[in-house]
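Notes to accompany the following structure.
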Amino acid sequence: MENASSVKEFILLGVSENQAVQKICFVMFLFFYMVIVAGNLLIVITVISSQCLNSPMYFFLCYLSFVDICYSSVTAPKMIANFLVENKTISFVGCIAQLFGVHFFGCTEIFILTVMAYDRYVAICRPLHYTTLMTRRVCGWMVIGSWVGGFVHSTVQTLLTTQLPFCGPNKIDHYFCDVHPLLQLACTNTYAVGIIVVANSGMITLSCFFILVMSYVVILVSLKSQTSKGWHKALSTCGSHITVVILFFGPCMFIYIRPSSNLSEDKSVAVFYTVITPMLNPLIYALRNKEVKSAMRKLWSRKVGSEDGK
């Protein structure tokens, strides 16, 4: 990670520099982060503990929840802590590690959401072949592929950034270290690197979003011959996933498929995919899914029953 940089640490300006706003944000984002960890951990425990949630859809949901915990944990704790301190510094190594983590877990989430769309396509459009196409082994390889894809993408973004020289200023107009804010601080021409970074992120985001859209177009077309009951059942299983996709991909495409010009605008949008979406995922999947709610009730009653029997 050696380069021509004289900068050893960066200063994160955060969401706001207003002291009163920072105190409100501390309480609000601490609550959000607690909901993210508790909600997603509850889904992971429920899926692992429940015998009835053994289909590929819940297998992927379990990993999605785990990735959400990791993804938000890369940025949220540092952001929350910075609301209480005046010296909002992060070391050069810590900044690069945060950059790597954001893109690693973010890209992994994109791939898992895409895999979940394929799972819904097979379940609705090819139900007779579902058990042979979506075996546990195939699902496992899909998840591994998502992790590997996220790692490769993040490695490219990180290596491109670490090769740049940083000689001052060192103030990042963001609440975490990301590619665009760092490119603006580099003391060299970053046009070529910026194009590669946008192409790398944009290609993955747009191609996955295209696959997702096409999956649901095919699903909707195949449902034309279904009864209204069939329509309702199919859409209820897809509705949660579509909601999450819109909440996650919308802000991501806004940030990463174009050269950044307004960092204040970018960090406001970034709150959606780093905090809001990971927080809403458990609520969306749990509240809209009868099987998940039923499994949670059984898990809770089993826990209460075991405590009463002591």
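Every residue, even glycine, has its Cβ placed from backbone N, Cα and C.
Copied from TrEMBL, the annotated features are:
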- 20-45: transmembrane segment (TRANSMEM)
- 39-285: domain 'G-protein coupled receptors family 1 profile' (DOMAIN)
- 57-76: transmembrane segment (TRANSMEM)
- 96-118: transmembrane segment (TRANSMEM)
- 138-156: transmembrane segment (TRANSMEM)
- 191-223: transmembrane segment (TRANSMEM)
- 235-257: transmembrane segment (TRANSMEM)
- 269-287: transmembrane segment (TRANSMEM)
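By the count of Cβ pairs under 8 Å, the stretch nearest in packing to the transmembrane segment (57-76) among 96-118, 138-156, 191-223, 235-257 is 96-118.
Between the transmembrane segment (191-223) and the stretches 20-45, 138-156, 235-257, 269-287, Cβ pairs under 8 Å are most numerous for 235-257. The predicted model assigns the domain 'G-protein coupled receptors family 1 profile' (39-285) a mean pLDDT of 87.
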